[in-house]
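S.K.: Dropping the structure in here first, questions after.
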Amino acid sequence: MSHVNVYLRQRPVAKDIVHQQLATEVSANGVTVIAGKTEQQPEREITIDGHYGPETPQDELFQQVGKQSCDKALSGFNSTVICFGPTGSGKTYTIFGEKGKEGLVPRMLQYIFQQKENRGQFEYQFHASFVELYLDQPYDLLVSAPASRPSSANNDNTEQRKVLTLRQSISGSFYAEGVKVKQFKSYEEGMQLLETGTSQRQTFQTKLNERSSRSHAIFSVGIIQKNRVTGVATGSLLTFVDLAGSENLSKSQSDGQRLVETQSINRSLSTLGFVIQALALNKSHIPYRESKLTKLLTEALGGSSYTAMVCCVYPLLENAHETAQSLIFATKCRNVINQPKIGVVDISGIETAARIKQLIQEIEILKLEKQKVVEERDVYKLQISELERTNSPTLSQSNTRQFDSENEQKQLFRKQDNAQKKEPLQANIDFKQIQQQHQDFNQPFSFKGNNQNQQKQIQQNSENCINYTKNQIKTTAESVHQMRSKLELKNKEMIEIQFEAKKKAETDRITIQNLKKKICDLEDQIYQTNDQANQRIEDQKKQTQQQIQGILDAQTSVFKNQEKLMSTFSNKELVNKLGQLSAPVNHYVEVEKMKVELIEKMDFQKETEMQRLKTIHDKETIDLKNMYEQQIEQQKKQIAQYQKYQEQLQKSIMWFNREYAKSQIILYEAKEGKLDSYILNEQELIQKYLQFATDQKPIKTKVKAAILIDQEREPFIVPRNIAEMVNEIQTIEAQTLEKESTLSLSREPSFRKKEIPEDFMQPLMKKTYSNFKPPNVTLNMDIHISPRPKTASTKQPIKQFESTRPKSALPLNSSQIGSCGGTTSLSNKQYQKWGW
Ligand SMILES: Nc1ncnc2c1ncn2[C@@H]1O[C@H](COP(=O)(O)OP(=O)(O)OP(=O)(O)O)[C@@H](O)[C@H]1O
């Protein structure tokens, strides 16, 4: 048993009020209202549990009033702090406080979380509700008003808000049905709830208070604590009540809505006074039901709660009456006796509710995960189609390249065949006929004496020249033949390579087809797995929902039973009974746990399978891509090499052909003795020949024969085998030179720019041989072939080669460099000195 503790708090006098006499006096026995000394208000001394003067800081009040209530609540008792007093006396300031001067509630929130930290053996759960009674109608302050409602609390918003219904519980106390009970896990969260509710509260400016509360506000904190060791859980309610202030209508001069509010407030406070009166006098009937305020305070007044009441007064002399009234009321309150008891709670219901909430959340998570899987599957699908899209052009490109390459090769073969048909490489010159022609040609010119010797010498030289040229032609033809054979060999090789490549491409095509099939299979597998997983999730969800429904039903029946039992059994029996009833609920919870674990397991398996399939697919795709890239690269290289090789071979063949043709011309010229000693280049040689062929005029000239094999016109970049061939030719050339040192192979740099077109050379040669009729020529032939240094067989730059000539004997001008020009001025002696 415990009486209601009553405290007095005096608010300080406002700064703008001066020389005001206070209406209260504090003595050792209590507080005396001085104003009461008048006739109307007899002086009276009251006894209270504590008095706090105007300068008392908020924290001091909390330490002495609030903390005690909190401690009671944390010990498992319901505990209530009620602030009452006239309007403007500081009730709201005391309960909620202001920024920087926090009242009891914020300090209480801070304190309970501090205590939670210190009490490691307990598990805590905190819930809050915030209700206001406006015009004697309960409203939920934690439910936001509709959006149309202005944010300022200085407005009437009752029409837009839902009125709560009060219900009586088995214990006899009343509660607001459907009121939001919000869990908070930190001081900040608790403050957030407090601020939300405060901002919704009805306040208005009155004559007596700038921000007068026009409603009673009840902020409740439910504390559930479970002993970790014993498992015993207690539940308690810590309630803070900020009553609206009683108001003297003559002073406040309220009218309209404010008047209605004041009347409602005063009415409910009067009922409160009757209840207190009845309780103080220990009457059998307590008129709790007379107002909603008293209904809601049933537990705090005369119930099982520890209750502290703070009587707030504004002790100005002019407020002496209100102060005295408040103190009388406080005295009555102090006589109210409560019977506090620890509230042992069956938390299985709470746990079940939490579990249901958790299950619903898990279902939501599962839904999200399912969505994620579907999205991933779509991405995967996209990737596959992208892969197919990117691979198909590469394949077709590769096939096209191969096709082109084959065509090119065929064209080359065709060209080669045509060239061969047109120009048989075997030197099909009828040398006998030429010899005969030569003799016939020389027949009419018979020389005598010295002239005969000279002619003999000339003839001898001419024959030498012819023989050398014959050999040259033969060698060149052989080289060309060899090159052709090698080219054919290479072509064969190339065909084989291409055939292999084709075969490989076919194999790869089949491999790709197989892989595509495999990808399709994998996709099917994924779809199947996904569908199965979805089906399982759906089934699981249905089952879970059924289980939840079962739990809810069980919970309802537990509550019903609990209510029934409370009225029939003693405490101990009740606990036992509840324990029995909670068994099936626990069983449901276990079943649910198992279900959730099963879902998780299934999900994990699904995830792993998806991952595995994806890894296989990724690896195979990358391998395939790499393999194709390598093959394409290789084929490209081979084709490029082959093309280069073909080009080089063609160049080489052209080069040989030209040299061959040139040799034939020179051979003919030499034989006919119609070569000019000033032949500077092949072009000139041909021009001269043409002139000779058309005019058919006798040419009296000295003759210098030169075989012009121009090193500069050899292919610049040749494959090794071609280079070897050229070297071979050069070696043969060098050997021939050693044997027949009377002939020279000089190099003509001017050829570099003046290329004779191939198609010009070939018909000319044919025409020459078929239509030629030897003209009547006086031949004064002096064949001069410059000696060639032995280094000629090695590939030396042309300048080095020229520098080996005896320059003193060859005063060359710039146009003659590299030619055999200037030799006319040499004496026979000098020629002989060089081996002629
Ligand atoms: N102890 C105090 N220290 C300083 N200022 C105070 C104190 N008590 C009240 N006040 C100031 O007095 C004014 C009125 O206080 P408050 O609104 O809390 O009164 P109330 O009793 O709740 O009035 P109502 O019943 O009209 O709502 C406020 O401006 C508040 O700041």
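Positions of Cβ are set from backbone N, Cα and C atoms, glycine also.
Whatever TrEMBL says is automated annotation, not expert-curated.
From a predicted model like this one, the values you see are computed outputs, not experimental measurements.
What TrEMBL records for this protein is below:
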- GLY85, PRO86, THR87, GLY88, SER89, GLY90, LYS91, THR92: ATP binding site (BINDING)
- 356-390: coiled coil (COILED)
- 523-554: coiled coil (COILED)
- 625-652: coiled coil (COILED)
- 390-402: compositional bias 'Polar residues' (COMPBIAS)
- 791-803: compositional bias 'Polar residues' (COMPBIAS)
- 3-336: domain 'Kinesin motor' (DOMAIN)
- 390-411: region 'Disordered' (REGION)
- 787-816: region 'Disordered' (REGION)
S.K.: Those binding-site residues, PRO86, LYS91, THR92: which ones have a Cβ sitting under 6 Å from ligand 1?
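M.R.: With ligand 1 as the reference and 6 Å as the Cβ limit, the list reads LYS91, THR92.
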S.K.: Looking only at Cβ atoms, how many others are within 10 Å of the one on GLY85 (ATP binding site)?
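M.R.: The answer is 30.
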S.K.: On average, what pLDDT score does this prediction assign to the coiled coil (625-652)?
M.R.: 79
S.K.: Should THR87 (ATP binding site) be counted as helix, strand, or coil on the basis of DSSP?
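M.R.: For THR87 (ATP binding site) - judged by DSSP and reduced to three states - the answer is coil.
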S.K.: Which of these binding-site residues has the least crowded Cβ, counting other Cβ atoms within 10 Å: PRO86, SER89?
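M.R.: Each of the binding-site residues PRO86, SER89 was scored; lowest Cβ tally within 10 Å is PRO86.
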S.K.: Going by DSSP, is THR92 (ATP binding site) sitting in a helix, a strand, or coil?
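M.R.: DSSP call for THR92 (ATP binding site): helix.
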